[in-house]
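Residues annotated as region 'Acyltransferase' in Swiss-Prot: 15-138. Among the features that Swiss-Prot reports, active site is placed at His36, with the record citing sequence analysis. Sequence annotations record features per position, and here Swiss-Prot assigns region 'AMP-binding' to 233-646. Taken from Swiss-Prot, the feature transmembrane segment applies to 258-277, 409-433.
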Amino acid sequence: MAYRLLRALFRGLFRVTIDGVTDQFKHEKLIITPNHVSFLDGALLALFLPIKPVFAVYTSITDTWYMRWLKPYVDFVALDPTNPMAIKHLVRMVEQGRPVVIFPEGRITVTGSLMKIYDGAAFVAAKSGAAVVPIRLDGPEFTHFGRLQGVLKTRWFPKISIHVLPATTIPMPQAPRSRERRVLAGEHLHTIMMAARMATVPRETLFEALLSAQTRYGRFKPCIEDVSFKEDSYQTLLKKTLGVSRILQRFTVPGEHVGMLLPNATITAAAIFGASLRGRIPALLNYTSGAKGLQSAIIAASLKTIVTSRQFLEKGKLTHLPEQVNEVNWVYLEDLKDTVTLTDKLWILFHLCFPRRAMLPQQADGSALILFTSGSEGNPKGVVHSHASLLANVEQIRTIADFTPRDRFMSSLPLFHAFGLTVGLFTPLMTGSRVFLYPSPLHYRVVPELVYDRNCTVLFGTSTFLGNYARFAHPYDFARVRYVVAGAEKLAESTKQIWQDKFGIRILEGYGVTECAPVVAINVPMAAKVNTVGRILPGMEARLINVPGIAQGGRLQLRGPNIMRGYLRVENPGVLEQPSAENAQGELDANWYDTGDIVTLDEQGFCAIRGRVKRFAKLAGEMVSLESVEQLAISLSPEGQHAAAAKTDSAKGEALVLFTTDSEITRERLIKVARENGVPELAVPRDIRVVKALPLLGSGKPDFVTLGKMAQDPEMSV
């Protein structure tokens with residue numbers, strides 16, 4: 001009777017629903033593993049699960065007054081994590097057919113993300129052979145019974161959902177010692193819990209996700225700031241978004257690809273969301289690619305209109321672009337301010353109250369945004385991402401990293417790059433963090449000063465940028481920073497060392513590609529390993545394809561919710577080329593993406609990048625990584641610029657060429673370093689060419705197409 005009354009009360013107050021695979025509770029041996037977000041979790045499961053389970057509760061909690069009060073109504077067993085006999089007792093209960101609920105995190109989350117996973121539950125599952133049913137609780141964290149006050153906008157009676165995921169098992173890991181088996185089983189359970197979170201992500205468009213964040217964290221919560229030093233709340237950002245969307249629809253049509261040539265600024269964020277909510281697809285253009293690069297993007301994406309700013313073009317010394325690229329209609333934001341009418345203002349005011357009514361009908365799987373590859377190995381390609389793929393990558397990042405509304409991001413990486421867009425804009429907005437948008441990562445003195453001045457806690461950058469920030473920064477500039485993540489290029493040992501020595505900060509290395517929105521793997525405090533780029537993100541499948549001549553590692557191919565919709569190529573304008581990859585049998589598999597990177601994956605799932613397939617040279621039948629050649633030069637001259645290329649050779653098929661800005665580098669010195677590092681002499685180039693500077697792309701990466709031509713033609717210069 002008491003159960004029925006409480007169930008009716010909870011259902012009335014919290015509108016509790018239970019969904020998913022609800023017939024998963026008939027297994028003979030069963031362990032239920034929910035996430036832990038509030039003090040209500042146990043009561044919710046006891047009231048709404050179709051079975052009467054035993055709750056494994058840590059001894060520190062069983063002695064509290066409310067647990068003593070609940071004892072007559074709920075079965076629970078005290079679990080002492082320091083006592084091995086407690087685990088054996090649980091195993092016996094499971095083997096006797098009692099369904100057991102264990103909260104693997106062991107404590108209520110204080111970040112909104114998964115906390116540390118204790119391996120006890122996993123070891124019980126592996127030892128007993130029980131089915132593991134993950135459960136995802138959504139909603140209790142918003143109540144006053146959670147521990148996220150000040151992180152989320154708490155309320156008295158939020159809607160609560162109980163999602164039941166498909167049952168799985170944890171096989172006993174193969175390891176010589178019991179301790180190692182426990183750890184491996186715990187990692188398996190952590191993977192299951194992360195997958196459960198990814199499986200219950202709502203399918204939304206970018207604009208819907210922004211509105212959800214506003215609801216979650218509060219409409220007046222400050223969220224975004226730029227060099228104007230005027231911080232906007234979610235409400236103010238929404239107002240700007242609606243204003244831009246209203247004006248954009250005058251000279252564009254639904255479904256049109258709209259070019260955007262804009263800096264890192266709040267108005268750019270408003271333009272992206274504004275175009276998206278009215279069914280337009282923003283194409284973020286690389287303003288460092290020059291007229292030729294813009295023309296390639298215009299052809300590939302079939303652009304008719306480019307939105308930009310006169311002030312930006314003047315400050316960036318880009319005023320020549322509209323004159324040289326005259327095949328599109330250039331629209332200037334400054335010219336649009338005076339065109340806002342009273343009708344427009346009333347439309348904006350109405351939709352501030354009812355923002356979802358401003359949206360045109362869209363699907364989460366539909367095209368949301370176009371980015372462009374760097375063009376380091378040919379013409380830039382348009383990469384079309386859906387709303388779902390972009391938001392999936394944000395959720396993957398949120399699943400493994402504990403970003404909260406207490407964090408402040410410094411975002412100086414250009415928004416036209418996937419790294420800057422997803423990590424520097426979408427992730428902070430969707431996690432309730434505040435973000436400072438700065439227009440250039442090249443201001444090595446200014447960026448550290450702003451990190452200090454704005455109390456930033458999260459900084460992302462390339463190895464080159466981070467190294468230069470460290471050289472110019474005061475030792476106290478990064479005192480509040482807790483996450484520094486390097487990506488887009490290999491993290492130099494010198495950069496890693498200076499951050500450790502000068503600031504006491506460990507740089508976490510990650511790996512991504514534009515086609516994956518972009519983050520593929522990342523080291524985080526909970527799971528980090530030196531000389532790797534971290535584990536592949538939850539929700540993604542990875543496979544390695546053998547490459548003839550390369551003994552260590554394989555060609556990385558990926559499938560997952562964050563994979564692009566497809567390419568737009570200059571050779572086939574406006575036609576979407578869907579992703580596919582050749583499997584080990586030589587057959588094309590749809591929805592797989594071939595990264596072209598040679599990687600290794602260890603037994604714990606950590607990924608190490610060995611090089612790109614296209615950046616290997618075949619010398620007398622042996623495959624040599626051009627990146628390994630560059631690392632030899634970097635060891636000799638950390639401050640210099642170095643890049644390796646291959647040229648045709650009548651004797652060996654191909655020969656190595658090293659381009660360097662350091663005239664002190666010789667073959668003899670390279671051979672000495674190679675021997676010290678166990679690198680074969682075959683990887684030491686005979687052709688060493690000193691240049692004033694390497695040819696670079698707008699992104700700062702070496703232009704390997706030009707370097708390849710220079711390698712073939714000794715007379716050619718930058």
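Glycine is no exception: its Cβ is also placed from the backbone N, Cα and C atoms.
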| request: Count up the helix, strand and coil residues in the region 'Acyltransferase' (15-138) according to DSSP, in that order. | output: 42 helix, 30 strand, 52 coil
| query | In the predicted model, what is the mean pLDDT computed over the region 'Acyltransferase' (15-138)? | reply | 80
| message | With Cβ-Cβ distance below 8 Å and at least 6 positions apart along the chain, what are the contacts of His36 (active site)? List them in sequence order. | response | Phe103, Glu105, Gly106, Arg107, Ile108, Thr109, Met115, Leu137
| query | Do any residues of this chain, six or more beyond the ends of the transmembrane segment (258-277), have a C-beta under 8 angstroms from a C-beta of it, and if so which? | reply | 205-207, 210, 224-228, 230, 232, 237, 240-246, 248, 252, 283-285, 287, 294, 297-298, 301, 303, 305-309, 312, 316, 318, 321, 328, 333, 358-360, 368-369, 387, 411-412, 414-415, 420, 424-425, 429, 437-440
